[in-house]
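Novice: Attaching a single structure in structure tokens format; questions to follow.
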Amino acid sequence: MRIFFMILLFFFSISPGLGDTTLPAVFDVKNANKQFDRINLQLSVQNLNLNNLNKAVETLTELSAQSEECIADLQKKLNGVDVLIKQATATGNDKGADLVYLNNQKQQLAELQSQCRLFSIRAQEAIDTYKGAMLQLRQEKTLARSSSLWQSVSKIINSSDNIKWINDSKEGFLFQDLPVYLWFCIAIVSFFISILLLSKLRQSSVVRRYVKFKKLRIIHIMLFTLYIMTVSLLSYVSLFTSEEQFASAQSLLIKEFFWFLSGVLLIICLFKVKKIKAFFDWYAMDSDFFEILSIVVLTFYFLAVLEQRLFDILNVNKLVVELSQSTFLLLLLGTTAYFAHYFCRSHLHISFVKKHYNFIRYFIFALLLGCAVLNIIGFYTLAMQLALSGIFTFFILYITILIEQGISKFYASLSYSQGKFNVIRLFGYKNDQLLTEFYILKVTLKLVIALLSIYLIGKSWGFATDFIDTIYKKLLYGFTLANITIYPTRVFFGIIIFCFLYLVSRAISTSISRHQQFENEEETQVAIASILTYVGFSIAVISGLLVAGFNFTGLAIIAGALSVGIGLGLQSIVNNFVSGIILLIEKPIRPGDRINIDGVEGFVKKIRVRSTQIISPINEDIIIPNSDLITRRVVNYMLTDNYWRVSCEVGVAYGTNLNLVKEILLEVANKHDDVIKSGRNKPGVLFTSFADSALIFQLWCMIKDVNKKWSIKSELNFAINEAFRKHGISIAYPQRDIHIKLEDLAPLTSPEK
């Protein structure tokens, strides 16, 4: 129920955004050319810097994309006009007003398309030029050398009296008019409010259920007190100060400190959640270490942003800025070295860290030491770039390894007894069946994550940027191979969509087939589940192909051309498929029934959509096409009931008491437990014929289970023979009397012979 309300609130929250849609802007070639000329003019008269070049590249890239869309739209219109011109020409009216109008429209569209194409070419050339200039400026800025650290310190010491630390600063403290006791009251009230709120949160059932919060720490109380004090001061600043004062350094400090404390409290609360702790335990990682690391990273980010904004507002001396930046970088490098060393020592149980322990440790310390040396000798920008890129690279690599290990562990858990049992129960797999869909998802996700990590690492270092962007565009927007456009990213997502939808369809069909909803309707549920499996597979294939960018127009043309051949070739398959659906819906036979089809007798084991599997009495697996079960004569011994008539035939000698024979046969039948003894199905004896050597009787009796017909018939025959022997009734057998005349034998016995 909670999940339902969360989903409902999510859709309610995004519904205003969904309703507020804007139409795409129409591309105007004249305005685009004016913007292009204005950008060139501004860059020619101004000093080139990265900000101006970056804005110019973004604007021209957007205009270039609009021009490409314009070219594609105009091409569609030209194709439509060409079709209309051909239709008008086919009528024989070569000089009609309609044809003249269409030719004029074609000429105007062609001119407009050529203008759009020309602008696209000019814009692309300018973008390439500006990107080259940006790369050159970035390299110059990165490799530029300023004063070394000891030179900056010596300059500040030698000329400390002449340095103007803050240029033209008129900032005043906003809260200097507040009495001291008011500050004290705010602190005391905030402290008690913090204790009250934290104690209430700790006693809450929701917090106890989802958050691992054993005791109230002093650090938590102090952080929450500072947070409430900051909120109070921020409210005072926003309500009781002017706009000029609100933009001052003190107001900026309060606002940034508010967001910093909010982030710290959020990190503490997140790492107290039981599921997040369980996630770190699953990866065998120390959650407390990563909690402290997250707070430290947030602190450095807060200091960097605050430093930059305060320097911009207060207009601090350049020498002081350089010294503070160098000091900040050294502090960052030292902290990184400490946490890297602590991480390697405390996570040796992780196989990757243990295997590459020395390499990770020496490489990180060499990188940090090199950055520190570069920073000290004056290459601050280069050192900062190397440090941030190195830290970001190790972060991306570690996250990539964690994700891939998580995927591998999840896939491996499916092979264990409990995991495999859950998969079999949920998706209907067999015990020895390969988990193909999960394996495809595993390989695809690993490949996507690896490509994404390579792209992010390359962008962070800044090398081969054009090459990486080109590869990224090819992967995202596709490339043409043998007149076929291939979209690798869409192919990956298509595979993921196919596997996901097919697994969902399997889960639904398995749930329907295994959970009995109505009495005596198990076969209907199995039929619906089988049909849903095939329908879900078809939907998954079509959805995957659509997401992958497959062109169904070409497929329709090919399918139309080959429809006759494919229809003839698949006629038997389609016939069996339709017959299988009829069998599953009408249910003339069901699993477990004993049937006979053209002399082939056996038990129905499974009805598939294409064929039916039968087990013979001698344990033979017989596969019968479903079309044979529809078109041929099928005997179902168990369609309405399990009754079966057993016929025992016996012959007695001439002269036997016939009434006694009848009584004995009826007595034998009534003594058997599996014979029905009352009603219209009670046993009966028939005197069928006068044979050459015997009087033929038949005992007819109805048994309760057709599957015992052979054993019951054998038992009845044994009982009949025993009863006849007790009563002195002989069972006749064929015999002949031979009469020999002696006069006919005389020539054969004469002495001459």
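Cβ coordinates are placed from backbone N, Cα and C, and glycine is handled just like the others.
Per TrEMBL, the feature signal peptide maps to 1-19. Annotation source TrEMBL lists transmembrane segment at 180-198, 218-237, 257-273, 289-306, 326-344, 359-380, 386-403, 439-457, 477-505, 526-550, 556-585. Summarising the annotation, TrEMBL assigns domain 'Mechanosensitive ion channel MscS' to 573-637. Annotation source TrEMBL lists domain 'Mechanosensitive ion channel MscS C-terminal' at 646-731.
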Novice: Would you kindly list the residues that approach the transmembrane segment (326-344) from elsewhere in its chain, counting only those six or more residues past its ends and only Cβ-Cβ distances under 8 Å?
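Specialist: Distant contacts of the transmembrane segment (326-344): 149, 152, 289, 293, 296, 300, 303-304, 307, 353, 357, 360-361, 364-365, 368, 371-372, 375-376, 380, 383-384, 387, 391.
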Novice: Residues of the same chain, at least six outside the transmembrane segment (477-505), with any C-beta under 8 angstroms of its C-beta?
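Specialist: For the transmembrane segment (477-505), the list is 427, 437-438, 440-441, 444-445, 447-448, 532-533, 535-537, 539-541, 543-550.
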Novice: Tell me, roughly as an integer, the mean pLDDT over the domain 'Mechanosensitive ion channel MscS' (573-637).
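Specialist: Reported value for the domain 'Mechanosensitive ion channel MscS' (573-637) is a mean pLDDT of 82.
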Novice: Quick check on the domain 'Mechanosensitive ion channel MscS C-terminal' (646-731): DSSP residue counts for helix, strand, coil, in that order please.
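Specialist: Here the numbers are 38 helix, 25 strand, 23 coil.
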Novice: What does the DSSP secondary structure composition of the domain 'Mechanosensitive ion channel MscS' (573-637) look like, as residue counts for helix, strand and coil?
Specialist: 20 helix, 25 strand, 20 coil
Novice: What else in the chain is close to the transmembrane segment (526-550), if you only count residues 6 or more beyond its ends and a Cβ gap under 8 Å?
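Specialist: Beyond its ends, the transmembrane segment (526-550) has Cβ neighbours at 478, 485-487, 490-491, 493-495, 497-499, 501-502, 504-506, 508-510, 512-513, 581, 584-585, 587, 591, 607-609.
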